[in-house]
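Everything on this sheet refers to the single structure shown next.
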Amino acid sequence: MISTNNSSTPETIIALSTPSGAGALAVVKLSGSRALEIALKLSRRDHLQPRHATLANLWNREDEMMDEAILIYFKAPHSYTAEEVVEIQCHGGTLIARKIIQEALALGARVARAGEFTYRAFLNGRIDLSQAEAIGKLIEAKSDESYKVLLKQLKGELGRYVEGVRGSLVEILAYAEVSIDYAEEDLPSDLEARMVEKIERIAEDLERIYQGSKRRSSLVEGYKLAIIGRPNVGKSSLLNALLLWERAIVSDIPGTTRDTIEESLHLGNHWVRIVDTAGIREAQDAIEKIGIERTLLALKESDMVLALFDSSQSLSPEDEQIKELLRAHQENRRILVLFNKSDLSRELQDSELESYPHRYISAKEGGVEELLSLLASWLDEQGGGEELMLTSERQLLCVKSALGELKEARDRLIEGELELFAYHIQGALKELSLITRPYETSELLDVMFGQFCLGK
């Protein structure tokens, strides 16, 4: 559990901020009221100039030199945590950094918990909660598109938007209070209509961002692409062709792939998780049955589907099952029908399959370059460009709840129930505030910041 000291001098924390292991450099970070004091004792210097790199030898309690390092002092509040911070850049490897941390602990620091540096930045008002979430996700970002979205959030664009909406709602709430307190006074006749229009405009904008964010929800974590088809249709060959290496076993024996195989690759500016699934047919044994069940789950969870059919053969009963699955799952996902084995004579003709976006390919002989280009262009359309985005389930839930409150507020205003109208406007304000500055105390924040890496 992340905790903070309630005194005016919170504990000084220390952690390795770079990945543990062999490397040219390692960065050890101190934060807290005694960070400078501890760094001066380690380096045996009488001062460090803020924001200047200082080359110094580091010493232990036995007067043994531990390393030659660079120290950078960030004076509060101009640091990541808004506290006194010292970064120690020492030589890489685990041993040197561990010795430095051990000495700092002996001088009064304690080991930082996961995410505690960012937690302190949040508590000290340097960042809001949406920015803290962006930091955690930015560390894990795997694509240019997710990087751009998260960087905008880190810069505070979501926070500024939320504060703008809150400001508008506060003005509306003021109208409610005036109308309640001065019910007998003559107020402008069109005031209620203007307030209704303003609420509807705010709700419409929030709904647009909410729906757009749901549609693009896979952008940050990576889009999921499922390859489906009957056994022995060429799914594993296609996976290998997309990856440019032999990931899956390719065999003429039907049912070779009995479980889902997941790999990832970059498509243009996007990170995509490709799932090669077990062939759809009547299961021959319990293990194959489990594999087929996982295939159906992968289909339900996918953002895009590549449905593979053998163009050199007429449709089989298993192919008809695939067609039924496509009909059932064509909402909220892109489907591309691939007629494989185009290097052989074409026997398959089916108007329903050809009504989907489709391509003729040969997974063994080539032709996947055009396919990759098409998928990348689809993902570009899905990305949404520079549009503001909610990047966590928590943010989505807050906006969804705020929309519910705004709908109730609008209805109550039209009915003339001003006190209930004010109550629901306050509810919307609270829900939106949770995006950047939650009322909840330790439990929610412990879960959030506990997902960060040590040293962040």
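Note that Cβ sites are derived from N, Cα and C of the backbone, with glycine treated the same way.
Per Swiss-Prot, the features are:
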type	residues	note
BINDING	Lys29, Glu87, Arg126, Lys456	(6S)-5-formyl-5,6,7,8-tetrahydrofolate binding site
DOMAIN	222-380	domain 'TrmE-type G'
BINDING	Asn232, Ser251, Ile253, Thr256	K(+) binding site
BINDING	232-237, 251-257, 276-279	GTP binding site
BINDING	Ser236, Thr257	Mg(2+) binding site
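Features recorded in Swiss-Prot, as mapped to the structure shown.
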{"residue": "Lys29", "record": "(6S)-5-formyl-5,6,7,8-tetrahydrofolate binding site", "Cβ neighbours (10 Å)": "24"}
{"residue": "Glu87", "record": "(6S)-5-formyl-5,6,7,8-tetrahydrofolate binding site", "Cβ neighbours (10 Å)": "21"}
{"residue": "Arg126", "record": "(6S)-5-formyl-5,6,7,8-tetrahydrofolate binding site", "Cβ neighbours (10 Å)": "18"}
{"residue": "Asn232", "record": "K(+) binding site", "Cβ neighbours (10 Å)": "19"}
{"residue": "Lys235", "record": "GTP binding site", "Cβ neighbours (10 Å)": "29"}
{"residue": "Ser236", "record": "Mg(2+) binding site", "Cβ neighbours (10 Å)": "22"}
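According to its DSSP assignment, Lys235 (GTP binding site) is helical. Counting only the Cα atoms, the space from Asn232 (K(+) binding site) to Lys29 ((6S)-5-formyl-5,6,7,8-tetrahydrofolate binding site) is about 55 angstrom. Over the domain 'TrmE-type G' (222-380) the predicted model carries a mean pLDDT of 78. A Cα-Cα distance of 50 Å separates Arg126 ((6S)-5-formyl-5,6,7,8-tetrahydrofolate binding site) from Lys235 (GTP binding site). Across the structure, Glu87 ((6S)-5-formyl-5,6,7,8-tetrahydrofolate binding site) and Lys235 (GTP binding site) place their CA atoms 51 angstrom apart.
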